[in-house]
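Here is the structure we will look at.
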Amino acid sequence: MNSAAAAAACASAPAVCGLGGEAVALRSLRISQGAAVRRAAVAARAAAENGVAGSGGFDYDLVIIGAGVGGHGAALHAVEEGLKTAIIEGDVVGGTCVNRGCVPSKALLAVSGRMRELHDEHHMKSLGLQVSSPGYDRQAVADHANNLASKIRSNLTNSMKALGVDILSGFGAIVGKQKVRYGKVGFPDKEITARNIIIATGSVPFVPKGIEVDGKTVFTSDHALKLESVPDWIAIVGSGYIGLEFSDVYTALGSEVTFVEALDQLMPGFDPEIAKLAQRVLINPRNIDYHTGVFASKITPAKDGKPVQIELIDAKTKEHKETLEVDAALIATGRAPFTKGLGLENINVVTQRGFIPVDERMRVMDADGNVVPNLYCIGDANGKLMLAHAASAQGISVVEQISGRDHILNHLSIPAACFTHPEISMVGLTEPQAREKADKEGFEISVVKTSFKANTKALAENEGDGLAKLIYRPDTGEILGVHILGLHAADLIHEASNAIALGTRLQDIKFAVHAHPTLSEVLDELFKAAKPREGPERKPKHPPQPLLKVLSFVTHLLTSQKRNRQP
């Protein structure tokens, strides 16, 4: 495509092109051109089914309630498939991930990573570097996170506008079969119809009973990402992904951290071996202490000169153990689905602990266990896997089904990452989960590990602390789970997640070639360390060299004979 065409695309969506460059413009044009053809096919199919032109008598082929990462991913794929699409957003485009989650938190973690490295005198000296008195500007750090969120939000908004997605402002609710009402407070509601509807309303921070949030001294991750202060001593209630990442940020910026964890060990959602190593690397050397096996039964914000007070009770006996007095408390006890007010009662759908029940194809199930036709739910609202990229993958899967191609997403192939320093990543089953599955289904599992200390690139960076772990079936070569703690673990995990998604066996992936010296060789060594039983004999894709020589000689001989026969 010529530069004039790309320039025209940029003119129609300047913010998109300013962020993503010409590549975004080219993709927009490619989708628009392909969508025109597909839209004609969709209209023809709708006419055949309903005897009506356009979208089968509906205002839209697809309406999505919620414009977070999941809704955005579904909308873009729908346009690519030629579907007339609208997306309803009651807050701001980008949802939790872009505005109050993944995106701004990564900006803060980028700062904490650099601060941590600059303050590590031993690490600097080992590289031959001298750094004196590193510091930071709190407001500038906060501005960096806010500006990044604004930039990505603008990118998402303009990408949808450029591709012809109608962005409808207001809170959406289902009023009947294939009918949605939306509107803002103080304005009249509007009603639209859609052949298919996707609910993608996401989640909000979960705050347990007894905890009073004031947004200043007792707050959730939504407030923490604004970085309005850096307290001297902060308690973090919950030691999962959110709590662990914020402990990385706060300790790098000079805070003392105390974890409050209800279960008997920190990081309960991680593979136990990785959690143990993470505690040695990310907790013990830092200004962090912790209380496990306790609930924060009551938390009172700081006021009248008194500090934040946290009453701890034993998680099992419920007896009072002690009262902590700290400067601030971050509530990182997980997230709750945002599904109230969606009009689910109009279609006989009852939530389960707030989550909308769905089947493996993300189709919404009613109170009687039946599929609600033409209605889907993706992302945090269905509770299958509360990750932004999982929501996007579910949305794309739904659009595939709407477009006439059956598709079931393998959730065990979706990776997860914790962006601490060093990072943690995982995909598939933990070792206890794999052993439980093996016991139930009657197969054996094997586990192999490799250290970052054996990787040249990690040693060049002086970042040898790390471990990669593979859980697999030796009888089939199936990868059951991979867990990594180490430098750029969040980037390394995708080779394993793609292998699981594609069903690639260890017998095959161990022959993949990795550039040297790179961190990817951590996975290379891991796959090569596995000892699956040999499967069926592998047929070579290319003839062996001796055979090639024979074929070449025969070809030469036949050619010579042909020449000799010519007059």
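Here, residue 1 is simply the first one shown, and the rest follow in order.
Using the three backbone atoms N, Cα and C, a Cβ is placed for every residue, glycine included.
Automatic prediction, not curation, is the source of TrEMBL annotations.
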*asked:* From the disulfide entries in TrEMBL, identify which of CYS17, CYS97 pairs with CYS102.
replied: CYS97
_At a 10 A cut-off on CB-CB distances, which of the disulfide-bonded residues CYS97, CYS102 has the highest count?_
CYS97
*Secondary structure content of the domain 'Pyridine nucleotide-disulphide oxidoreductase dimerisation' (414-525), with strand meaning DSSP E or B*: 42 helix, 29 strand, 41 coil
*Who sits close to HIS516 (active site, proton acceptor): which same-chain residues at least 6 apart have their Cβ under 8 Å from its Cβ?*
THR456
